[in-house]
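Annotated features, as they stand in TrEMBL:
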TRANSMEM  B:21-40  transmembrane segment
TRANSMEM  B:116-134  transmembrane segment
TRANSMEM  B:155-180  transmembrane segment
TRANSMEM  B:225-244  transmembrane segment
TRANSMEM  B:251-278  transmembrane segment
TRANSMEM  B:298-322  transmembrane segment
Amino acid sequence: MNDSKWTWRAVGLVSILATLLLITGFVYAVSDIINPKGETLLSSLPQETAAPTAAATDELKILALGDSLAKGTGDNSGQGFVKRTLEALSADGGKAELLGNMGINGLTTAGLQSKLQEEGVQYALRQANVILISIGGNDLFRGSDILGTGSSSGEAESSADTENPADGIAPLGTESAANNTVEGSAPVPTASTDELTPESLLSALPDASGRLGSILDTIAGINPQAQIYYVGLYNPFGDIADLLVPGNQAVTAWNNAAMDIINTHSNMTLVPTFDLFNRHLDKYLSNDHFHPNGDGYQRMSERIVQAVH
Amino acid sequence: MTNLLPLIRNECLKIIKKKRFYVILLILLVLVPMFTYAQMRIAERSRDKFNSDWRLEVQQQITDNQNSLGSDRIPEEWKSYRRIFVQQLQYYLDHDVNPNEPSGVTFTREFLDNSVSLFIPLLIMAVASDLVSGERTTGTIKMLLTRPVKRWKVLFSKMTALMMFVSLIVLSAFIISYLVSGLAFGYKGFNVPVFTGFQLSGDTVDMTTVHAVPQWKYLLMQGGLIWFVSVVVALLAFMVSVLVRSTAASIVVMMAALIAGTILTNMASAWTAAKYLFMVNMELTGYLAGTPAPIEGMTLAFSMAVLAIWGLAAVIISFAVFTKRDILN
């Protein structure tokens, strides 16, 4: 009986204390949620201290940035040129690591510009010494929806294909909705193209290449030590007779504009891909007739490896 | 006039003697190490991948979520959830705070966030579902009621004892998960800032009211909310145990309700009237963390009101039935 007396006292005391504690927490929580008080906040990222770590190592620290090509859309193995490049670079006995792949489906130059304002992206850029960029395809080919939805699922893409077997261009018109879902890819004024024409392809060029210039400047400003590799565009519509010539012209104009910008910086390289795909689209493009397939990405990565080494 | 205190004491001792509470502690002691181990493996893997740089990891998480936003195959509700999630991660990143700083305290916080809707209620039910129906199964209820004590006093003492154990169970869930996970992640982390006060409106998050609280205070607030949910669950389970003759049936009824709740929260966004059900409103801690409520229009005040009404109704029904009913067999 004495035993149970002590049990009772202990349980009673502890449970009362516990209840009081929990009620206090409850009151705090309710008042905090119902009347939240904002406050001026703590520090920002330690920018100055973080920078030096990137320099002076033999190790390649790779960061990929840009659109669905950077992400690797269309590659059934999911690797894209980024992972393939990484593999090839580390296979040579060198040390290479991937800091991150910030590729986002449907990203345009405008979207990338606003992404570069984010602390997290800037931080990642400062840590890297090899920066791979793929951007511009969505600015140039906005009339085509494929990059916009950039659906990573093979099934969705192939089903779109069977509906439009003739032209290989996926349904038009849903593009702006899909693009708005990606944060920061603000709609760029386009001549709402029902069809890709030489004019529509070229109309976006001056603005977009201007943005590309400022993107590259910004990145070089954030990390002056890093080597920057810009992946040039190819013409995905070469297998459509009507689009072969205008597509080639537009892509070449873009690549030339990019080359002009890149030549003004000592630590930047343009990696051309136009010739890799021209006349071999059936071999190196995936089912969506826009993104490269695994083999296509493999060829792109070989180019990049040659440029890095 | 018999005093209530001896009755409460009697009920408490009964709960202890039945060893239900020890079973609960044992369950915690077995399950928490399992979760800790799983969490440790996740932490190890991401350390390998991201070179223990959490900023890169969070940035990659943001990018991955943004990518899934572009896909047409993802339902709209998930997208808005991810959009909110991205904005919160961005906020953590902008203020240089690691949202997943591995420590015993962080583990406790996350573990309890995940267990508020099913695991903790389950532990509560282990005690509550048995209180009255157990007496019937064993037949001891006749002994209890033939004493010269008013019936409402008997029931009240049982309810009070239950409330005491609810507090003990919630507290021990916190303590055990902290002590066990601390072995793996270290016992520090009470002062790590956690952001709260995200105001959700549609897809966007209003950041003006966001503020940092030290993690210990966050745990305290979380404990309070879990306690409130647990009290309501306890009262409901108690009511069921008054209404139903066997303990097994009373546990099944409550379990079915709770599991229905978790299923409904995953798919109820179309059926808005479901927000008046208690089991959809159990994730009070979500309001603290800023996760979107399962059904549009739910707020903390709303959920608390719904839970309070259900709890109150349970008390009234329990007393009405218990004081009137004939005890047969």
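Quick reminder: no glycine exception, Cβ is built from N, Cα and C everywhere.
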Query raised in the report: List, by number or range, the same-chain residues at least 6 past the transmembrane segment (B:21-40) whose CB is under 8 A from its CB atoms?
Result: 15, 107, 110-111, 119, 123, 126-127, 165, 168-169, 172-173, 176-177, 180-181, 183-185
**Report entry** Residues of the parent chain within Cβ reach of the transmembrane segment (B:116-134), under 8 Å, 6 or more residues beyond its termini
**Finding:** 11, 15, 18, 20-21, 23-24, 27-28, 31, 141, 155, 158, 161-162, 165-166, 169-170, 173, 225-226, 229-230, 233-234, 237-238, 240-242, 244-247, 249-251, 254-255, 258-259, 261-262, 265, 279, 282-285, 322
Query raised in the report: Do we see three or more Cβ pairs under 8 Å linking the transmembrane segment (B:155-180) and the transmembrane segment (B:298-322), pairs being at least 6 apart in sequence?
Result: yes
**Report entry** Non-local residues, at least 6 beyond the ends, that sit with Cβ under 8 Å of the transmembrane segment (B:251-278)
**Finding:** 77, 117-118, 121-122, 125, 129, 232-233, 236-237, 240, 244, 294-298, 302, 306-307, 310
